[in-house]
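Straight from TrEMBL, the features:
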- B:38-484: domain 'Amidase' (DOMAIN)
- B:LYS79: active site, charge relay system (ACT_SITE)
- B:SER161: active site, charge relay system (ACT_SITE)
- B:SER185: active site, acyl-ester intermediate (ACT_SITE)
Amino acid sequence: MRNYIVVRRLATQPKLANAPKRKWKSVVGLEVHAQIASVSKLFSGSGTAFGAPLNTGVAYFDASIPGTLPVLNRKCVESGIKTALALGCRVNEVSMFDRKHYFYADLPNGYQITQQRAALANNGLMTFPVITPGKKVYYKSVNLLQLQLEQDSGKSLHDDYLKRSLVDLNRAGLPLMELVFAPDLETGEEAASLVKELMLILRRLQTCSCKMEEGALRVDANISIHQEGDPLGVRTEVKNIGSVRSISQAISYEINRQLELVADGGVVTNETRNWDAENRRTVAMRDKEVLQDYRFMPEPNLPPLHLNLKPGCRSTKELISVAELSEQIPELPEHTRQRLMEHYKLNAETAIILVNEPVLLEHFVNISKSLAGVPTKVITNFLINDLLTYCNKLNLDVDDCAISAEALKDVLQALHAEQINLQAARQLIQLLHNNPSQTVSQLVTENNLQQICDLASIEAYCQQAIANQPKAVQQYQKGKSKALFAIVGEVAKLSAQKANMKLAVECLEKLLKKQQ
Amino acid sequence: MRRHLQLSIKQLTAGYINGQLSPLQVAEQALEDAVKLKTLNALVRATPELARQQAQESTERYTKQQPIGELDGITVAIKDNFCTANVHTTCASRMLQDFVPPYDATMSARLREAGAVLVGKTNMDQFAMGAGTVDSIYGPTKNIWSEDLASQDNWRIAGGSSGGSASAVAAGLCYAAIGSDTGGSTRNPASYCGVVGLKPTYGLCSRHGLIPLVNSMDVPGILTRSVSDCVQVLNAVAGPDPLDSTSVQRPYKKLQLPEVDQIDLSSLRIGIPKEYHCDELSAEVLETWTKVADLLETAGAKVRQVSLPNTAASIFVYTILNQCEVASNMARYDGIEYGHRAADERSTEQLYAQSRAEGFNQVVKTRILTGNFLLLRKNYDHYFEKALRVRRLIAEDFAKVFETQQEADKVDILLTPTTLSDAPVYKDFITLSNRDQCAVQDFCTQPANMAGIPAVSIPVRLSKAGLPLSLQLMSNSFNEQLLLTVARWIEAEVSFDSLQSLQRHAI
């Protein structure tokens, strides 16, 4: 019997080798450091203004002057709790602070105060839409393992020419929330979508400015690949990702790099890599990090942080009530999407785009309130297809587009009343952007954008168009109905895009029928 | 000897009020004496200009009959590990030899606000690591009770690490001194120098501005020549401090001790913990211990033996926790923001290494290395975590005797030795390593730091060699009122003369 098995195994071996290759899977986990929007630092009274003159926002504690002690900033705790609640976390009744030791010139104490053993909150869940160009939108859920409070380090500035390092401690001690997500993601787009959603939530909570360009939100990605059915592969950590767009680029790059490496017979090593945004690639950090032992130790100068978890309780001077903070949580993005879909009957894609662009959402809500007769579809089409496209073309943030909601409302009203046509409406976006002081009606008059609606003029344009497009007329009359577009286009051209196209089509159909 | 030194703080301020004495005169005499007694090496830095200015201001206030506090015009000294604004604070180390803090520790600030006159900063073991005040870059501090102050190395140590503070108070350079107490650093030198040394409950006095040794055990200590002076100082410095999150937030109620003849010991229960009767205990200290126990019993107190079974483990736990926190607390000394910076700037790492190598003594370096080893991920549970657990057991030992539901087993006060003998001779003391000395010296004192409870050392009598022998009282947390009341009763009963050494030396 035993022999038989051996024989069987030998016999099947070649077959296994020939079996179709298993699929490669990529696994992505994110760690996000979000700077808590606050007036003062996490453990000291110094200010937090970005871009303040070097080393001016530094309390004695931030510079580790001997004898100074940390005093926990209550506002930062409250912001941490609100964020944790918005992300569905279990907020812990007791959390603690720890010291994480390492030597670095911009870490004045020689340790960072963080929460390692007992964090502020655990076990959250984020569900968010993933938008991949050319693919259908889908929802993804990611577990949030931990949300902890910790202090930021200072900044080292290296002067290679003079061979010296300078230290700016303005950032030292700024409050951070570190969010550790489970490796539940697969692609760069999913990661970018997660961060996008997180930014929407944090901005609504006003717990973080989310300005990645100021370092207020920093994303590190852990990336690995493995074959289906195998345990997770060796991961690399990608740091220095400076924008939402870079998140998806950096991760996609790194996944492909690992796939190609393995395909060439290489092995992925556990290393930290930097995202080089200019050359769009990840680069291994020069000085390879030796395995650090941070020698964690409880922070003896801060008593455990106790919170009141009882429902219905109020905060006191000594104890923060989580229930009270939960009442202050505003509507979250996903709730807004659902509301848009239910109340305005928008489709999912439209709702997602509006929520992603808070300014568009505000315009939409205002306009649809004041122009009850205009179909929502017209409004969303105009905002998304015309306004947003215009901004994207100019590489302009919608927030920075100077067109007021009032002006947009006037444009849509004129469009709906058929005083202008869609072409004119599009033209008006540009005109309004360049002449923010002028009203819509002024611009319409000055630029002669009124739609031509009188039937006699329309008919004159149509007859001229028919005369100019004999070929199209012939095709149309042979039954090729699409040829009508060419004639309609001619009318538009003849009328300098001003003819009412609905009337023009009716007129053309009537005239062409007569000719037959 | 200055005759006014025999006054209590209360009597001295009364003298200021009625104009018989002036703060300026008292301060000038203290400064003079500090020079005369330079051989003691009690002060690492006298602050004559500041003292004169503060004394002048105080004198003017008394002239206007507007003193600002109960310590107005009282000369004080502060251990050199408490920050004093614009006055060097060195921790007796090369690392901080040139460090001038930009701010006052809460202790320093409260003394200042109470009108005290700072005569100087006192000597200590480097970063408070030691029990002899022999490991200071400024040299060792001598005990004024020494038979021979002039000899090379045959004089008595002051104890430590707050030896400078104890020596200064014993020598009459000031009425009170601030020390720090992590494992006995206030009580140990108080015991050897024949003065009162109080370690308050952890959290009663702010640690803000105290350069830390072991944050979870450090407390500011108070050294005076009498229990009532100690209360005066405690009342000025104790109480909540928003700058120290571990300070107790409830408002401090000033202590008021009853007059000695009003103290009733009949309902008092005194515990004698048997574990404190260790092998190294000298016959004279044992005799003193028995004598005071008898005194209390005779006065009506119920004295009985109790057990604190985990006492023997305390010194090991203390060693581990101490070294771990030291390793962490010392990490900030890299020569970047302040402190000693070596000349080697080849690389940041090189700069750190060289600055730290030059700035710390062997004791500090050994504790840093050991502490970092104990904190390694693979060792943490074995040492630090385990030490924390045993620390809780030690604290529970105290809770059991102070808080037990069995009324019959309960005690109010524990009576123990402070040190195991009278003050050692310098040359004998330094034959043992710093580590071995701490294990012996702190035996009776550091369990109180583990539990955070208050303890006071009071001098009782002289040994055959003519040196002070002291005992320690401990009570439950925040029961300083009872602790010091009993201390005051014993003080009156034994009438120890703290200034006797001054007469002996005809100073």
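Backbone N, Cα and C atoms are what each Cβ position is placed from, and that goes for glycine too.
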Cα-Cα distance linking B:SER161 (active site, charge relay system) and B:SER185 (active site, acyl-ester intermediate), given in Å to the nearest integer: 5
B:LYS79 (active site, charge relay system) - helix vs strand vs coil (DSSP): strand
C-alpha spacing of B:LYS79 (active site, charge relay system) relative to B:SER161 (active site, charge relay system), in angstrom: 9
Packing count at B:LYS79 (active site, charge relay system) (other Cβ atoms within 10 Å of its Cβ): 34
Across the domain 'Amidase' (B:38-484), average pLDDT on the 0 to 100 scale: 96
B:SER161 (active site, charge relay system): tally of other CB atoms within 10 A of its CB: 39
Coarse DSSP state, helix versus strand versus coil, of B:SER161 (active site, charge relay system): coil
